[in-house]
Amino acid sequence: MRRRSRMLLCFALLWVLGIAYYMYSGGGSALAAGGGGAGRKGDWNDIDSIKKKDLHHSRGDEKAQGVETLPPGKVRWPDFNQEAYVGGTMVRSGQDPYARNKFNQVESDKLHMDRGIPDTRHDQCQRKQWRVDLPATSVVITFHNEARSALLRTVVSVLKRSPPHLIKEIILVDDYSNDPEDGALLGKIEKVRVLRNDRREGLMRSRVRGADAAQAKVLTFLDSHCECNERWLEPLLERVAEDRTRVVSPIIDVINMDNFQYVGASADLKGGFDWNLVFKWDYMTPEQRRSRQGNPVAPIKTPMIAGGLFVMDKLYFEELGKYDMMMDVWGGENLEISFRVWQCGGSLEIIPCSRVGHVFRKQHPYTFPGGSGTVFARNTRRAAEVWMDEYKHFYYAAVPSARNVPYGNIQSRLELRKKLGCKPFKWYLDNVYPELRVPDHQDIAFGALQQGTNCLDTLGHFADGVVGIYECHNAGGNQEWALTKEKSVKHMDLCLTVVDRSPGSLIRLQGCRENDSRQKWEQIEGNSKLRHVGSNLCLDSRTAKSGGLSVEVCGPALSQQWKFSLNLQQ
């Protein structure tokens with residue numbers, strides 16, 4: 001009995017020693033790590049998830065499997081002193097919190113650098129697994145006088161919500177900010193490199209400098225006031241890894257400029273533009289939405305990207321001509337690169353399983369040499385002259401003042417287009433953006449018929465219905481009209497019709513008929529009014545709230561001021 005007790009005691013002692021050895025040698029690391037309370041869902045810097053390690057760390061990659069040794073002078077992002085970095089630039093009492101950045105800096109400065117944000121992805125994305133052999137990326141972020149708190153959150157969100165082995169580096173390109181330490185101090189953070197321009201270069205040239213310095217095979221461009229969401233990077237890298245000619249963008253969520261609330265954006269949007277070449281968001285057509293019901297997280301082909309956030313193969317970026325280096329400051333570059341990618345054999349996609357928040361401002365916080373309008377027109381003219389062929393005339397019809405803005409030498413870009421064997425703009429319209437209505441050869445004015453911030457609208461009415469005004473939405477549809485050479489004001493096959501030729505009578509929508517005098521209109525007074533030919537009365541909105549638009553005796557009233565967004569007769 002005594003011998004049996006000794007044996008049991010020995011076995012128990014060996015068992016305890018075995019457990020201790022197992023824990024000490026790392027076999028219990030998952031358990032040990034789980035006891036800390038600092039871990040957060042989706043934080044790739046945690047080590048309490050063996051599943052994540054198995055899925056996302058390449059076999060044999062010892063650095064990815066363990067903790068890397070930092071170079072001298074570097075710190076991990078959780079150890080970076082946010083208070084010291086942000087504190088000296090905070091808005092003082094009595095100062096305008098919007099003055100420096102055109103967003104509420106006070107609210108931005110209150111937030112922690114790794115604040116939690118809602119996971120806005122579709123449920124299917126949260127269950128999806130991504131390839132384990134994805135390439136690493138260099139993240140290029142350019143900035144000029146950015147609020148330190150916003151810039152820091154951008155950097156931290158990249159490091160916190162990305163698999164460490166997929167972030168080769170973060171390259172901050174300081175475009176000659178007033179305070180060099182805005183970027184220099186962030187250079188202490190792991191994986192962050194800082195480049196500073198010795199003069200103001202603008203977004204395009206700064207991004208090219210960052211791309212040229214990048215060491216990874218894939219480039220990720222981000223604006224300097226973003227917050228990356230959970231698992232944002234893998235879906236983008238996977239699409240590029242499958243086809244290097246894809247240029248991919250996340251769904252861009254909204255960070256409110258006033259209170260910095262993070263709000264998920266619709267997944268039913270694509271990038272587009274009007275003939276003024278200003279970027280806009282287009283809703284998918286009903287047919288496109290129906291076709292996605294079986295797979296709502298499938299990539300979305302988009303005619304245009306917003307330009308601030310996208311991922312692209314580095315070698316393809318170089319082969320395709322990088323950016324137009326003669327574009328200045330900001331604006332038009334997304335238009336130019338979108339045309340170039342599509343027309344030269346690539347594609348643009350929005351990836352629903354990738355979400356990145358962005359602070360959308362109503363105006364720019366920095367100055368433009370010559371004014372923002374002139375810079376945008378110059379950049380846009382360069383894109384139009386190189387890529388739009390004969391369709392550029394619709395741009396000049398929409399923005400007549402652009403004709404007077406010098407756009408510089410474009411010979412090298414034209415030669416690039418020829419060298420790459422790019423398709424004509426008509427191909428782009430037919431195959432990539434068929435939703436963009438092209439004016440008919442019979443049209444002398446086209447697009448929205450604007451009165452201040454309101455536009456002429458069918459209000460969903462059909463034949464014999466009245467028309468009204470509604471806030472301009474720039475989406476065509478019920479607000480798309482054309483004035484033809486036959487003097488008809490048309491919406492599809494319906495025309496504005498004066499049934500009763502007396503002042504105050506309501507306008508009706510009726511089927512267009514050739515030579516019907518009730519449907520004849522002309523622009524007068526510098527194309528600022530529409531006069532009915534048969535009655536000499538003018539289109540008027542004064543009765544819009546009580547029943548619909550009418551014709552009235554022509555006069556100086558603002559209710560008679562109308563302007564087509566695209567006027568082909570100047």
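From the backbone N, Cα and C atoms, a Cβ is placed for every residue, glycine too.
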Among HIS112, HIS122, HIS358, which is the one Swiss-Prot gives for the Mn(2+) site where ASP223, HIS225 also bind? HIS358
Site with most surrounding Cβ atoms, counting all protein chains shown within 10 Å, from the binding-site residues HIS225, HIS358: HIS225
Any further residue of that chain within 8 Å (Cβ to the Cβ centroid of ASP223, HIS225, HIS358) of the recorded Mn(2+) site: ALA150, THR154, LEU222, SER224, CYS226, ILE255, GLY308, LEU309, GLY357, VAL359, PHE360
Whole-number Å only: compute the distance from the Cα of CYS554 (disulfide bond) to the Cα of TRP330 (substrate binding site). 43
Looking only at C-alpha atoms, tell me how far ASN515 (N-linked glycosylation site) is from TRP330 (substrate binding site), rounded to the nearest Å. 49
My understanding is the cutoff is Cβ-Cβ under 8 Å with a sequence separation of 6 or more in the same chain; which residues meet that for THR142 (substrate binding site)? LEU172, VAL173, ASP175, LEU203, SER206, ARG207, GLY210, SER224
May I ask which residues of the same chain, at least 6 positions away in sequence, place their Cβ under 8 angstroms from the Cβ of CYS353 (disulfide bond)? ARG121, HIS122, GLN124, CYS125, LYS128, ARG231, PRO235, VAL297
Note the mean pLDDT of the topological domain 'Cytoplasmic' (1-6), expressed as a whole number. 52
